[in-house]
Structures are given as C-alpha cells and as structure tokens.
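The next block holds one structure in the form of structure tokens; read it before the comments.
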Amino acid sequence: MAQQLRHMLRDDDVTHEEQKQILELGMKFRENRHYHMPFAGPQGVAVLFDKPSTRTRSSFSIGVAELGGYPLVVDKSGSQLGRGEPVEDTARVLTRMASAIVWRTFGQDRVETMAEYSTVPVVNALTDDFHPCQVLADFLTIAQHKGGVDALEGMTIAYVGDAANNMANSYLLAGAVAGMHVRVAGPYGFLPREDIVADAERIAATTGGSILVTTDVREAVAGADCIFTDTWVSMGEESEYAVRSKPFWPYQVNESLMALAKPDALFQHCLPAYRGKEVTAAVIDGPQSVVWDEAENRLHAQKALLTWLIGKQRDDESLLL
Ligand code: CP
Ligand code: NVA
C-alpha cells in the first residue's frame, strides 16, 4: 500500500471499513493508554481553536502527549490567524513543523483550505457544519456498552433537537457510514441541509443503513438503541438565544421521551449540556446516561484517529491495528 495523506474533515472522509478500523483502535487505546506512540520524539501536533472548548482541548492536549508528542495549543486570540492571516499561509507554515493539524473553527471551507495546503493530516475539531471527532467518540461509547464495534451495524440511533447543527450533520454521515438506521428529528426551520441528507442516503444505500429526517420526535425515538441531543444554541448563535428556545421544547429529552426508546437504550450528549432545556436532569444524571464515558472516549477515539491518519501517511500497517 502506498503512502496516503488523509484528513478527517467530515464524517464521510472514511469508508465503512476504515471507520471500523479507527473504532477498533479506539477500543485498544481504551485498554492501554500507550498502545501506540506514533509521535514519540516528541513530534509536534498543532491544535488550534477559534471557538471555546473544554473536552476537545483537554482530550487533544493530553491525547497527543500520551501518543508521545507535543501538543501546540493555540487560541484565536494568540495567533495571527485570528488577526486575518490567510489560512493558506498558516497551513504552509504549520505543515513544515507539525506532524498533524487539528482545528476548531467556523466555516467548513476553512478546514478544507487548511487541508488543501497542508502536507500533514488535518483534523476537524468542530466546524459550523460537522463534529466528526465527537461522533467517533459517541460510536466508541456504543461499542463499549453494547458489545463491541461489530454491534454498531444495524443499530437504530436517534438525534433530536437542533437538527440543522453540526452534530445532526455528523450523526447523519457517520451513522450512514456505520450502516446504522439514523433518525433525526427537529422543528421546521431547523432540519438538516438537503445535500447532507442526500449524501447520507447515498452512503446508507451502500452500507445497509437508512436515514429518516422528521419533525415527529416520537417517530424518531421509537425503539431506538441510543438517543442523542445537543444544545439548542450552538457556538456563534448566542444572539439567537431568544428565538431558538421556543420551537425546541417538544424535542426535550425527558423521561417520557426516553421511555419510547428500547428499555436498555443509551443516552448521549456531546456536552456542554443545559439541564432543563434540551435534556432534563433526570435523564442526563440518570441510569441510561453514558455521557461521562462519552466524554472520556474523546481521548481514546481521537488518539485512534491520529494514529490511523499517521499510519496511512507513513504507510505503516502496524499503526492501523
Ligand atoms: N463536545 C465538545 O466538543 O466539547 P467542548 O466544546 O468542550 O470541546
Ligand atoms: N453544536 C454545538 C456542539 C458543541 C460541542 C456547538 O457547535 O456549539
């Protein structure tokens, strides 16, 4: 196999088999935090933030260190990128020093430009459109609780709430790649873009999965194996707070909504969560919630992803196992 420069910019940047490979690696990292150390040296990984973060910052910082590397964490306020230096020039500079670039930013076009000008793997650590690292962690959490990575295929997952946000888009694509039955429910005006739904449907047709986008929250959660939600007000939308709460109330994940899913269904939330809004305290702090495992799995899933990307770039099969 030849060396391949691969990026993770959106969830369908990997195939069904590749996603499974990354998740299996994630299970290995769950068992042994130093399973692989591809950045030993240490080599540097640039981790850039244009938006706030707790989980992504800590999991990439600690994760890169556990992989033997040095995490160079830079906030928007502390970089020339934040003062308007072109993404292309930033990519040209970082790519000469870092072994990988991880970036949380606004437009998806920005990570795409970074990848175009980079000679090292670029990882999307959340854009307005997608959050692929989060969904890898979420699927690892299902694997952890429901019998391994092979168990994902054919499962039914439901995401309810702001169905036009990055998490909804990522569940659609990643779930389709995994061969899951993905249901997404939100109010009119807050449903996913047609092109993303079309991409998910096209992928699901090849993996045995299926896609349902609906305004009917009960239809979405009925018999599901896992229920997901997210904040009703994403980063960058703070000025819309007043208009954003009202339409989402019927989509709140509470005990009566959970009761429509399978009795052993899991509850996940990427966090930060707003108790009493998108989820009640009884659910997120209740027995079906696995949100703390989910947060921990950011670490394992992202270490697996970085290791896999570096394994591809170095054509080192030993890193892919
Ligand atoms: N879920 C998530 O990405 O959390 P942070 O915004 O804290 O990184
Ligand atoms: N949809 C949320 C996810 C936070 C991890 C946001 O973009 O703010």
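Placed from the backbone N, Cα and C atoms, the Cβ positions cover glycine too.
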Task: Listed co-binder of L-ornithine (same site as D230, S234, M235, source TrEMBL) among N166, N169, N297 - done: N166
- [ ] Out of R30, R104, R110, which one does TrEMBL list together with S53, T54, R55, T56, Q80, H131, P132, C133, Q134, C270, L271, R298 for carbamoyl phosphate?
- [x] R104
Task: Densest Cβ neighbourhood among R55, H131, R298 (binding-site residues), 10 Å radius - done: H131
TODO: For D230 (L-ornithine binding site), name the DSSP secondary structure in the helix/strand/coil scheme.
DONE: coil
Task: Distance [Cα-Cα, Å, rounded] between R55 (carbamoyl phosphate binding site) and M235 (L-ornithine binding site) - done: 14
Task: Cα-proximity to N166 (L-ornithine binding site), 10 Å cut-off, over binding-site residues S53, H131, C133, C270 - done: H131
- [ ] Would you mind sorting out which of Q80, H131, C270 (the binding-site residues) have a C-alpha within 10 A of the one on D230 (L-ornithine binding site)?
- [x] C270
- [ ] Could you tell me the mean pLDDT over the domain 'Aspartate/ornithine carbamoyltransferase carbamoyl-P binding' (6-143), as a whole number?
- [x] 98
